[in-house]
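In TrEMBL this protein carries:
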- 1-306: domain 'Ammonium transporter AmtB-like' (DOMAIN)
- 31-52: transmembrane segment (TRANSMEM)
- 73-95: transmembrane segment (TRANSMEM)
- 115-138: transmembrane segment (TRANSMEM)
- 145-166: transmembrane segment (TRANSMEM)
- 172-193: transmembrane segment (TRANSMEM)
- 205-224: transmembrane segment (TRANSMEM)
- 258-279: transmembrane segment (TRANSMEM)
């Protein structure tokens, strides 16, 4: 992550728009981090989930055979998901508007306020599209109209991720479009990773990876010349849709952003793939089978995180202790047999 930040945001990074001679005369424009932050984290999540493999019972049964209908493992509390999403949304105003760095001048104040407006519209649009599109899909599959709150929450986060790169550089109508497309991308990519049997328990890949890429691309399409001038002191290359008003079809900014994305992907994949493979090889990457089945709350912390009643907690803890004792005995017998053979 520090190398990505330096390359794109520092005053002398090779992708930075702030250097004297930026890439293709523009550099990578990522105002608050759709690429720098979210693509970096999202592709890391993708690699981790791919190498780690799915949770037990998610796509395969105990014999290793593929389950016809993948088992959806629900989170513990939708209420906490809602609370967490609103905390993130609130914090995003500091994340995006704060990237203006100051409000001591009229120009910077305008950048910060525009970022806040775009953040609001992008999040709202992503929420609405994800909620209603998923409801339409559910109605076609089941005949019932079901409004899935989890899809709405992740649609909100998808809208926030996608708007981050261009939040201070676009018009409000563009923020609505970008956020709405993000909600649809989230649903499509979430379905796709299930089909290829990648187990992403919190949908970090469709939210951050897919929509981080979309956010960086959207800058190359919707960045307004005047706002680029305010933020970076140059507007030679603008959003592709605005280039036509200049009598050209200049896609230089879009191309520079795509180059930046390729660098981020290449760097993160090159660093994190061998790291995760090493952890997996030495057995530090995944909890053992017993701990996974019983739950890390019980196996690591001595009790369940969510307790229906006292007897439930006692029974689960006792089951873990009995199973662990049995595994220890089997392990000890194997060691004794090896010593006897030796």
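Including glycine, each Cβ sits where the backbone N, Cα and C put it.
Outside the transmembrane segment (205-224) by six or more residues, the chain places 28-31, 34-35, 37-39, 41-43, 45-46, 49, 154, 157-159, 161-166, 169-171, 174, 177-178, 181-182, 185-190, 192-193, 198, 238-242, 251, 253-258, 260-261 with a CB less than 8 A from a CB of the stretch. The domain 'Ammonium transporter AmtB-like' (1-306) scores a mean pLDDT of 95 in the predicted structure.
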